[in-house]
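Asker: TrEMBL feature annotations, pasted as is:
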- 15-78: domain 'IBB' (DOMAIN)
- 178-206: repeat 'ARM' (REPEAT)
- 220-248: repeat 'ARM' (REPEAT)
- 384-426: repeat 'ARM' (REPEAT)
- 550-579: region 'Disordered' (REGION)
- 555-572: compositional bias 'Polar residues' (COMPBIAS)
């Protein structure tokens, strides 16, 4: 039969398209490559990446808090209260607090501000709006400039920190009184408990959203924060600094001005070696935010040398560290393989010549930014990430499994060399296990990984996939209620059949699909309400399941001279091959 060549889709979420390599220059592979990615463009793939990232970020509220309130723990002793030398404030009404703040007596001012802070630090239902309406905010902002009274600065900072931990309107009440530049000035305070409370306040303000974040950045907070990071910085202060740094890197609609946050990349690289798990986690979150952007931002992260340590952190048992480290790694492999001043028409030639050099002299390649740099996905692969991803695909936490599968899907969207690394690392079997028994969100990502693999793989690599009994769990997802997942699987099935057809062996693979129940599912999809699903299923049946002479179903695929060999002369073990 002469089936119509269908469009083969690659789902790479902003990743690169499969390349024709020197190992794939035979006629069969050239024909295969001629239709892969047809109709796909960078914008379309980028949209898919954004859709996936939105879903993956839904749990971030639980993973990392945007804002934090300093709860009052007077009875036990506040971690930020050391050295302030003050007694517990008496219980006062809001009116009494305002009267004390309006006093010219600094003792009364301090007592009233302490009472305000304690009221705002209540664990349940702090009266933030009532405090704002009473006019306490401008008084506290003014107290930030009383450098002769660090205790008053500290109490005022704490009160404002808790007000800024609320809604956007409540945060704006602090910002609009000019608190941000005053907090930045307090970062240089000789009293560390005062500086730390200012750090915390800036973190809450930056965590409110892009507008407040950019205000904090624009007023010069980042250099002042970095200046506080020293070998003898105490644990509590360091944690607050790194958390605030992560909020300054956070949000992507719009993202922070890259020139403003770029100076923190070398600092984050060093922080990845901290022994403090909280510092590690927030440093990884910051890197995950920076890499969740354009390829030049991803490249800047790679050039700062963070990849080896990020990959090491994939072995962490601490989920609070593992989650953002995995997300950062996953974001990096969404990037391009090449950042060059002129890549048009010479991509393959440059890559073929430079890849061995870059692998040998990893750092040196990063210096030639206008010619060629360390390839983003390859940097992850050569740091040893694949073996760690193999383990994470078996993780007990479904969210980790899902993001590991998402990361693999962006690697299998690469070229034949990168796909071969996936094969060599033993990633395929765990990926198939996810297809078979993972939760549905993980199965969806595994389906993307398989379809990307089928779109960019060599004939030999496709044989390896089939020999691992991929078809049954893959085709089982055709019963999914999620229309997008069904389309992904249909494209993968079509890719497999097209590859087999190029070797005139489509009948054998068609029989394998029929025997695992795939054909019944394809026929059922011809009644699907989704027009795209109906059309894809119809095309597969029309092109690859037309009537033909019967073929012995017990012949296993193998590779001979770069082609799939399903001939009946192959040696078949008792019971046949496991497909």
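Heads up, the Cβ atoms here are built off N, Cα and C, so glycines get one too.
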Asker: Kindly report the helix/strand/coil residue split of the repeat 'ARM' (220-248) according to DSSP, in that order.
Answerer: 21 helix, 0 strand, 8 coil
Asker: How does the repeat 'ARM' (178-206) divide up by DSSP, counting helix, then strand, then coil residues?
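Answerer: For the repeat 'ARM' (178-206), the helix, strand and coil counts are 23 helix, 0 strand, 6 coil.
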Asker: Helix, strand, coil residue numbers for the repeat 'ARM' (384-426) per DSSP?
Answerer: 31 helix, 0 strand, 12 coil
